[in-house]
Each structure stands twice: as C-alpha cells, then as structure tokens.
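Student: Features from TrEMBL:
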type	residues	note
DOMAIN	9-215	domain 'YjeF N-terminal'
BINDING	57-61, 128-134, D158, A258, G326, H372, D437	(6S)-NADPHX binding site
BINDING	N58, D124, S161	K(+) binding site
DOMAIN	223-496	domain 'YjeF C-terminal'
BINDING	K408, D409, V410, T411, T412, G436	AMP binding site
Amino acid sequence: MHILTKEEMKKIDKLTSEEYGIGSEILMEQAGISIYNEIIKNFKKNTHFLFVLGTGNNGGDGLAAARLLYNEGYKNLKIIIIGNNQSNLFKKQLEIIKKFKFDNFIKYDKNFENHVSTADCIIDGLIGIGLKDDLKEETQEVINIINSKKRGIVISIDIPSGIDANTGKISKNAIKADKTITFGSYKLGHIFFPGREYSGKIIVAPLSFPKDLFSLSHRELVTSDMVKKLLPKRPKFSQKYDFGNVLILAGSSEFPGASVLSAIGAQKIGAGLVKLITPSSLSSSVLEHEPGIIYKSLNKNKFSLRDIDIISKDIKKASVIVIGPGLGRSNETMQFVRNVVEYSTSPIVVDADALYAVDALALRKNIVLTPHVGEMQRIVRTDEIDIRQNYDYTEYFAKNKKATIVFKDVTTTITNGEKTYFNITGNTALSKGGSGDLLTGIIAGLIAQGLNVMEASIIASYLLGRTAEIVSAEKTEYYTTPLDIAKNLYKALLEVINA
Ligand SMILES: NC(=O)C1=CN([C@@H]2O[C@H](COP(=O)(O)OP(=O)(O)OC[C@H]3O[C@@H](n4cnc5c(N)ncnc54)[C@H](OP(=O)(O)O)[C@@H]3O)[C@@H](O)[C@H]2O)[C@@H](O)CC1
Ligand SMILES: Nc1ncnc2c1ncn2[C@@H]1O[C@H](COP(=O)(O)OP(=O)(O)O)[C@@H](O)[C@H]1O
Ligand SMILES: [K+]
C-alpha cells in the first residue's frame, strides 16, 4: 500500500480525471457511497447522526453520504456547515441534497454542545487534505466541543480535521476519531503520530483511482503480504552454508547482554551460521540460550584496532557483519569500527555504539544504519529539525550518505533515499533496552539468507513489531521482554506464512 502526500493525492486525482476521464464528481459520489456503506454496516436507521462539515470537498463527501443515508430511510440526520467559501463540488452536493427534500440544517450557536452530546454518531467532514495554515478560531472551538462533549462514535472523512496529511501534526486542535475512512491510499498523516492515534481505525476505500497511478509515490507501508513475498526461500536441497554466515562484533565488559540478543535474533530467523565475537567473556550466557551459536571471546575489555588481524579471516568469510551493540564508544573501539567497515565489502549492519563513528565511515548502499531517535538526531547533527516528524530529512540523509537507514521509532522509516517503507507494527513492549539489538540480529540473519539490506530491514521490522503485539496480548506490554520476543518470533512468522 503506497503512502501519499496530499500533493501526490491531488495529482492522482487530476490524472484520474484528465487521463482516464473519471472526474472528481464521480469520485466524490464514490467517496459518499463508501462512507454510507461503512455506516449502514454498523448503525441502525433510528441512529442520531450529526454531520459537521466544512465547505470544501471534504464537506462535499459528507453531504453525499448524508443524502444517501437519508434516501435509505435514515431520518435522524442533522447537518451543520462551518465556513463560507463553498467549493464547486460542495455547492453541487448541497443542491442535490436539497432536491431530496432534506432540510435539517442547523446553525452553529449555543445549542451546538447539545447536538454533539446527543448524537450517536458524528461525521467529521470539516477539513480533509485541504488544511492550510493554522486552524481558524471558530474551527478550533467546534473541534474542541466535539472532542470534549461527544457521547457517540466519531467518524472522520479522509483524515481527522486539524491533522496535517503530510506530517501527522496537529494544527492547534484536531478531531479525535474512532474511525477514519480515507480514499485511494493512506496519507502520511495517518501513520505518523499524533495523526496515527487521532485517526482511530483506518479504512481505505479504493474508489476508481487507476492502481498504476499510485506508483508515483516512492513510499509504502510494510504489510504482511509484502513480508510474505519477500521472505527468503528455504529449498529442501540445502545445507547451512546456503543460509549464510553472520559475524557479530559486539559487546564489551560494560555491556555484555546486547550481543547475545543480536546473535539469538540472527539464529532464530534462519541464518546458517552465527558467529559472535566479543571482547570480554560471556560464553555461558550466550551458550545457555543458543548452544548453536559459535562464540569466541578475545579476553579483553573492549575491541581495538589490532584486533582486526585476529578476526580478519572471520571478516572475509562473513556474508554479513553486525557491528555495534554494546561495544562502548572509546576512541580505540571507534577506530576498530572504521577499519572493519573499510576492510570488508560484505553488507554491514551498523548499530548502537558503532553509530558514533558514522561521520568517519566509508558508507555504501549495502551498509544499513539502525539508529533510534536519539542516535538519529545526533547523526543528522541538527536540533532545528524534529527528526521524528521529518521522514523526508531521513530520506535526504540516506541518499546523501549513500547508505540504507532504518530509523527506529513508533513508526519506523526504512529508506535508501530512493524508496521508503514505513513499518507500524509494534507497541511499548519494545520500548525496552535490547529490542534494537534483537532487530539488528534479525536484519543480519535475513541478509545472510540472500536478501538485500532493504528487504531484510522491512521483514525484520515487521516481524519484531508483530511478535511484540502477539506476545504482549498474552503477557502484557509491561512484562514482555526482548528475550520473550526472540523466543516467540515463530508466531509472527507462522502468521505471515499461513496468511
Ligand atoms: N482524489 C481525492 O483526493 C478526492 C478527494 N475527496 C475529498 O476532497 C477533500 C479535499 O478537498 P479540498 O481540496 O476541497 O479541501 P478540504 O479538505 O475540503 O479543505 C478545504 C476546507 O477546509 C477549510 N480549511 C482549510 N484550512 C483551514 C483552517 N486552517 N482553518 C479552518 N478551515 C480551514 C476551508 O475553508 P476556507 O479556508 O476555504 O474558508 C475549506 O472549507 C479530501 O480530503 C477528500 O475528503 C473526495 O471527494 C474523493 C476524491
Ligand atoms: N512504542 C513502540 N511502538 C513500536 N515500536 C517500538 C516502540 N518503542 C520501541 N519500538 C521499537 O523497538 C526497537 C527499540 O530499539 P532501540 O531503542 O535501539 O533499543 P536498544 O538499543 O535498547 O536495543 C526499535 O525497533 C523501535 O522501532
Ligand atoms: K475530515
């Protein structure tokens, strides 16, 4: 599923009309029908509806839906119109609904609170993708009353009014919807917070947009279907060397646990061989969890430059290298990181402490950086941009550095600057030390099986998040740990494989 900006949506709308002859009027009628269909599935004819509409095409969709309901015998409908600048399609819909003898238009006055609190269902068609600048005061007030006085279900048309469709940001105030019915495809504002939360359950009504037009967007949502298609095959006539060789360079005397989670992640996703090399000894904890992991300790506190000689054979043999979890950030260790990256031509997953060396690294497309919010903010070296709300800056950075980035957040951005994927699986069970280390190992385990770094990152992010959802449904988000998630990875895998 492509994720669109409002500009892209408008372009698709225009092309649908100009190149395919399906005009906006038809699309608006279809939008109305899809809202109508969703409503009749869930509400009886005696339901009290309040349509709160602006005067743009978002409001026009609302008028079409209201008229279809009215025509079908839903008679407890009130419509309130906020604003004056009626779009042409809005005007036309207003004329049509009047021809159906609908006349229950109410004014915005002191009784509005009462209308809101007595409605079983409120339809929000104030503003869609046409939001400009800050919300006008009156609109803020209307939204405030809806959010604070509603008793019934709130359904937003296209996007909750007040949410910017390109960023998910709130403009002064926004409708808190239980459900949002959007058209054609998701908009970015649906998947970035707070828009994601304000949208409630999102339903995509396809309308008659030609599917090919969506590929003008280079951004997609990671879905179970996509993951299923990308999962590496495991042909019967195979042996361990066919599933790749993961080398993990991680850990230090200070942070012994991180490397274990990465190694377990790589093994549990199906890598043929996983070799973990740590400076200090932690053999008992690795081997207790996964005796199949090959483990070597250099018997020192942290990696330094001269260790390259000792592990050079391992580096050459590796089909993918993980470097970073729990390494520490001393100068010697950062020098070690730089040299490993220069020495190897294999794909490398650069995570955690190794990200501190990013400026000095010779990056390339098959190097994937996996920063969390703090690490990303530091990498891009600017406080002026809130990196969580500026996916395009992450894209720009990836393109500029010629690397692949997995920017880990509640909505994870996976990008090489040309294509971008957003993952929205997961919950706060993952907001715990160690989840990222596990992810890194899963990415590497998938690269080892022949996937490119983008494909591996897409699958790993989806499975990590989905497993967290499955496990926490049973154990709660409080209790679930990265190790629980590692051990239950098969549940998300089975779900995808059997879908
Ligand atoms: N292919 C498609 O995309 C399809 C799109 N369709 C639908 O069209 C919608 C887009 O319609 P659009 O372009 O007419 O803009 P829209 O969202 O109604 O916003 C304009 C209204 O908002 C108001 N307003 C704006 N800013 C404001 C502010 N700060 N504070 C207060 N008010 C503000 C503005 O008021 P004004 O500034 O003019 O006074 C005006 O009333 C789209 O979301 C979808 O629902 C469907 O029909 C199916 C096909
Ligand atoms: N609330 C959340 N919802 C979804 N995913 C989350 C949430 N919190 C954290 N995550 C995910 O969990 C992982 C945490 O990574 P990170 O912060 O690097 O952990 P650590 O470095 O401690 O191992 C990332 O993949 C991130 O996307
Ligand atoms: K809306």
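Keep in mind that glycine also has a Cβ here, set from the backbone N, Cα and C atoms.
A quick note: this is a predicted structure, and the numbers were derived from the prediction, not measured.
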Student: Does any of H372, K408, D409, V410, T412, G436 have a Cβ within less than 6 Å of an atom of ligand 1? These are the binding-site residues; tell me which, or none.
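Tutor: What lies within reach of ligand 1, judged by Cβ under 6 Å, is none of the binding-site residues.
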Student: What is the pLDDT of the domain 'YjeF C-terminal' (223-496) when averaged and given as a whole number?
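Tutor: Mean pLDDT, the domain 'YjeF C-terminal' (223-496): 94.
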Student: For a Cβ distance below 6 Å to any atom of ligand 3, name the binding-site residues from N57, D124, K132, S161 that qualify, or say none.
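Tutor: Near ligand 3, sequence order: D124, S161.
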Student: Which residues of the same chain, at least 6 positions away in sequence, have a Cβ lying under 8 Å from the Cβ of T411 (AMP binding site)?
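Tutor: Non-local contacts for T411 (AMP binding site): I191, F192, F193, R196, F422, N423, I424.
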Student: Measuring Cβ to any atom of ligand 2 with a strict under-6 Å cutoff, which of the binding-site residues N58, S161, H372, K408, V410, T411 qualify?
Tutor: H372, K408, V410
Student: Tell me, by DSSP, whether N57 ((6S)-NADPHX binding site) is helix, strand or coil?
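Tutor: Its secondary structure by DSSP: helix.
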Student: Here the binding-site residues are G60, G436; which one has the lowest number of other Cβ atoms no more than 10 Å from its Cβ?
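Tutor: If we count Cβ atoms within 10 Å for the binding-site residues G60, G436, the smallest count is at G436.
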Student: Quick one: pull the CA-CA distance for G60 ((6S)-NADPHX binding site) versus D124 (K(+) binding site), whole Å only.
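Tutor: Roughly 11 Å, rounded to the nearest whole number.
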Student: So, in DSSP terms, is D409 (AMP binding site) helix, strand, or coil?
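Tutor: SS state of D409 (AMP binding site) = coil.
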Student: Could you tell me which three-state DSSP class D124 (K(+) binding site) falls into?
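Tutor: SS state of D124 (K(+) binding site) = strand.
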Student: Using a 10 Å cut-off on Cβ-Cβ distances across all protein chains shown, tell me which of the binding-site residues (K132, H372, K408) has the largest neighbour count.
Tutor: K408
